[in-house]
Amino acid sequence: MGMRMMFTMLLLVVLATTVVSFTLDHAFDGRNTAANNKATDLMALPVRGCCSDPPCRHKHQDLCG
């Protein structure tokens, strides 16, 4: 192979690596968002139970409003 062909191959490898890395990064962001939403929902369940209990609601007025 000539130098020009080897340089072209190097550029193609770098471009392909960048595209794959960029795509995977966005996929992980989506998974993290879904996991964070699920965790938030799970944490909200005990708070809702607390807000329906008058002594607990009084103790945690900042959470129950």
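Heads up, the Cβ atoms here are built off N, Cα and C, so glycines get one too.
Note: Swiss-Prot links CYS64 through a disulfide bond to CYS51 (candidates: CYS50, CYS51).
Taking all protein chains in view, 15 other C-beta atoms sit within 10 angstroms of the C-beta of CYS51 (disulfide bond).
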